[in-house]
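Structure, as structure tokens:
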Amino acid sequence: MPKITPEVESFARIKVIGVGGSGTNAINHMVKSDTRGVEFIVMNTDAQHLHHSPAEKKIHIGKNLTRGLGTGMDPEIGRRAAEESLEDIQNAIKGADMVFVSCGLGGGTGTGAAPIIAKTAKDQGALTIAVVTRPFFFEGKNRMIIAEKGMDDLRKEVDAFVVIPNDRILSIVDKETKHTSAFAMCDEILRQAVEGISNTITMPGVINVDFADIRAIMQNSGSALMGIGVAAGENRAIEAAKAAISSPLLDLSINGAKGVLFTISGGEDLTMFEIQDAAKIITESVDNDAKVIFGTILDNKLKKNEVKITVIACGFPEGGRKTVSTFINADRLTTETKNDQKNKEDEEKDIAPKRDRESFFRPRAIAPESPRIIEESDDLNTTDTDDDWSSIPAFLRRTKK
């Protein structure tokens, strides 16, 4: 009898929806990165921006309301546009087991439409994850107020929520980094989360993890952290684990998580002690009663002597949780809580802390087998144009008027 290999769709159907200009750009980045095993959908009021997306499915929301234009930074128009096209949205989501909703908060289309789209997905029974960006500080108080209100509305409609503050970009890039490459770093967080979950579901493991495990960790869990770390050489498992839980762009550390799922991928030479070392790094700061699920995968696609670790952490204590800022500092990742920075911030004129760039970012020679963090991949150059005001810095928007 011939061996039957099930298609990806028989494991779990994953759909990734980009809403508005920023969300569409994130989907465009993933399509060009050749992320597989998922269906890409873009939804926008801006017909021109929608037309140029390489996504396989495009939905023009609010055709009658906006007549193919944007929302003018009005979330109410974005909400009404989604409601006008609700039947199209429902049909696009139908059959999904898991839905990612990505957008940039602070504008009109993403901020207003994303909660409607997320609610539609959750009402259909899909595990629903939001991955959103928060505006730059220099974009002004009004845009931040819109973003915070949109964030509150979206949180109510999703199972898990990942926030990427745009200001973190300024802490990890140098002065020569092009803005397209910088924004692509944010897009990498979404790609990393989707690809990590897709691979976890579809790749058979020695200790297997499936969609039921992911749902058990992420359903109604609130704020979430998702990351991938890859390392080779001595202490590879430890370094990969550290990289997976220490993204400099995310708004969370793993401290206090009540649900953790992680998978360790490697070759035949992966040892039990390496699994133990990685697990210790990942779980040492989580809640004492945390639900922990782990799996191991034999992945022959990895380079020789390489280990890859995927981490999903959820269920953070929203009330007492400190916000953690993580920055790259030469040879290590250093975290400082906002409480620890209070004295320094009181001495500065601006709310956004000013840092000596060179103390946080120094080019360094990386040995062939040194650890690497996935979100800072080499393939970040993109020619995507972003016509949505929510993802264009204020000083560039002025030149367009």
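Think of each number as a place in line: the chain as shown, counted from 1.
Any Cβ shown, glycine's included, is placed from N, Cα and C.
Residues annotated as GTP binding site in TrEMBL: Gly108, Thr109, Gly110, Glu139, Arg143, Asp187. Gly108 (GTP binding site): 27 other CB atoms within 10 A of its CB, across all protein chains.
What TrEMBL lists as compositional bias 'Basic and acidic residues' is 335-361.
As annotated by TrEMBL, compositional bias 'Acidic residues' applies to 376-389.
Here TrEMBL flags 13-205 as domain 'Tubulin/FtsZ GTPase'.
Feature annotation from TrEMBL assigns domain 'Tubulin/FtsZ 2-layer sandwich' to 207-325.
Here TrEMBL flags 335-401 as region 'Disordered'.
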Let me make sure I understand the span of the GTP site: among Gly108, Thr109, Gly110, Glu139, Arg143, Asp187, what is the greatest distance between any two Cα atoms, in Å?
21
Thr109 (GTP binding site) CB neighbourhood, other CB atoms within 10 A:
37
Mind giving me a neighbour count for Glu139 (GTP binding site)? Other Cβ atoms within 10 Å of its Cβ, every protein chain shown.
22
Please count the residues of the domain 'Tubulin/FtsZ 2-layer sandwich' (207-325) that DSSP assigns to helix (H, G, I), strand (E, B) and coil.
29 helix, 39 strand, 51 coil
Once the chains shown are all counted, how many other Cβ atoms turn up within 10 Å of the Cβ of Gly110 (GTP binding site)?
35
Neighbour tally for Arg143 (GTP binding site), based on other Cβ positions within 10 Å of its Cβ:
22
